[in-house]
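Undergrad: Quick one: this structure, given as structure tokens, is what I'll be asking you about.
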């Protein structure tokens with residue numbers, strides 16, 4: 001195949017027939033099979049390879065981006081997701097938290113926050129101040145969980161009309177309505193919605209005893225479990241107890257005219273549900289094995305009021321600590337040295353290790369069980385166990401606070417500190433100076449340490465400009481930014497996702 005190119009020449013030959021100037025045309029043939037053609041093919045081939053590589057990188061970047069959107073983030077959202085409402089919303093739905101790591105723009109988005117708090121009320125605490133003063137948003141949050149009322153603006157928490165509206169839909173909000181916890185109208189409204197909030201009602205015999213009894217009975221009517229929050233004065237008042245029992249056990253006590261703590265027949269029925277009342281029964285019943293067994297099944301700590309003989313009863317002790325590990329505090333000295341009893345206790349409540357015998361505080365199986373349930377219980381273990389790397393690592397994985405109780409030698413263990421920091425970034429404040437001066441450790445910790453790491457980095461390190469550039473670059477590579485920035489977003493997309501084009505998927 002050939003290509004013909006025509007060009008004009010400057011020659012004007014004489015025409016014998018006509019004295020008219022003519023133009024001569026030259027035809028140039030190019031052979032595509034020549035070396036020049038090969039160069040063109042090579043260029044075209046290279047372009048195709050580059051195009052193919054770009055396509056594959058786009059595919060890889062898109063896949064990576066989609067996979068990263070499904071991850072659980074503990075300490076921050078990477079810049080590519082922190083301003084993405086769909087991502088933040090899905091993370092909150094799946095894991096129960098996330099607004100804290102979102103951009104300021106999303107925290108100020110009223111409609112978005114309203115949607116979030118309807119799903120997870122406690123996220124209110126991370127919203128903008130103006131939103132926490134928004135009645136509709138606060139009502140939605142407290143409807144989901146009363147505890148969120150503690151994050152409403154002070155103005156709303158001190159407004160009686162609004163507080164009444166809040167406790168009417170969720171009585172637990174009374175916990176944070178400090179100003180009105182002794183207000184009869186507010187309290188009555190709250191206990192009618194949730195009787196167990198009686199625990200937050202202030203009882204003052206000199207100020208509100210005239211209406212507190214009414215409040216307590218209303219609470220019990222709504223939820224019989226409220227009985228456990230009634231002050232001892234009223235629990236020992238037989239007239240009050242009779243009224244309460246008529247509400248709780250109407251069939252058994254409807255026609256009763258009196259109540260007696262020393263009656264086994266009466267107490268056997270009551271103690272099955274309210275073991276804590278063992279405190280008020282007669283000494284004779286405190287020695288009654290059947291009564292005590294029933295009590296500890298419903299309230300392990302009621303063992304405190306059993307006779308000494310029954311505190312040394314292994315069956316009773318096991319039932320008590322299985323119901324509440326703290327009951328180990330009340331078993332006999334002999335049983336505090338019984339491995340089966342102690343294991344049952346620490347599996348239920350790690351802190352129960354405090355009451356175990358010294359021998360069992362040095363038992364690896366017991367201590368591992370305790371710290372796996374509550375890392376902080378490491379503080380009650382023997383010095384030998386605090387030197388055990390596996391024990392300390394297990395404790396730290398459960399609670400980074402445990403690191404404070406580890407042996408000094410292990411406080412320089414990088415792996416253990418990584419686990420601690422993963423749990424809680426505030427643990428940086430306790431990292432040894434030796435590790436904070438270790439540049440290798442700092443670079444590794446940067447991936448989840450973000451700016452918190454910089455707060456505790458020694459001056460001798462921060463003065464090293466070249467290293468600090470590297471450290472900040474590592475933090476940047478982790479995706480952390482203190483605030484969303486479009487430029488940083490694009491840099492991150494280019495660096496980690498090969499500049500993938502997301503089209504309409506991106507939602508900012």
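For all residues, glycine too, the Cβ spot is worked out from N, Cα and C.
Nobody curates TrEMBL annotations by hand; they come from automatic prediction.
Sharing the features that TrEMBL gives for it:
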COMPBIAS  1-11  compositional bias 'Basic and acidic residues'
REGION    1-20  region 'Disordered'
DOMAIN    109-157  domain 'DUF4116'
DOMAIN    159-201  domain 'DUF4116'
DOMAIN    214-246  domain 'DUF4116'
DOMAIN    288-336  domain 'DUF4116'
DOMAIN    338-386  domain 'DUF4116'
DOMAIN    388-435  domain 'DUF4116'
Undergrad: For the domain 'DUF4116' (109-157), what are the DSSP-based totals of helix, strand and coil residues?
TA: 39 helix, 0 strand, 10 coil
Undergrad: Six or more residues beyond either end and a Cβ under 8 Å away: which residues meet both conditions relative to the domain 'DUF4116' (214-246)?
TA: 184, 187-188, 191-199, 201, 203, 205, 252-254, 256-260, 270, 273-274, 276-277, 280
Undergrad: So how many of the residues in the domain 'DUF4116' (338-386) end up helix, strand or coil by DSSP?
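TA: DSSP composition of the domain 'DUF4116' (338-386): 39 helix, 0 strand, 10 coil.
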Undergrad: Taking the domain 'DUF4116' (388-435) alone, what is its mean pLDDT?
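TA: The predicted confidence over the domain 'DUF4116' (388-435), as a mean pLDDT, is 89.
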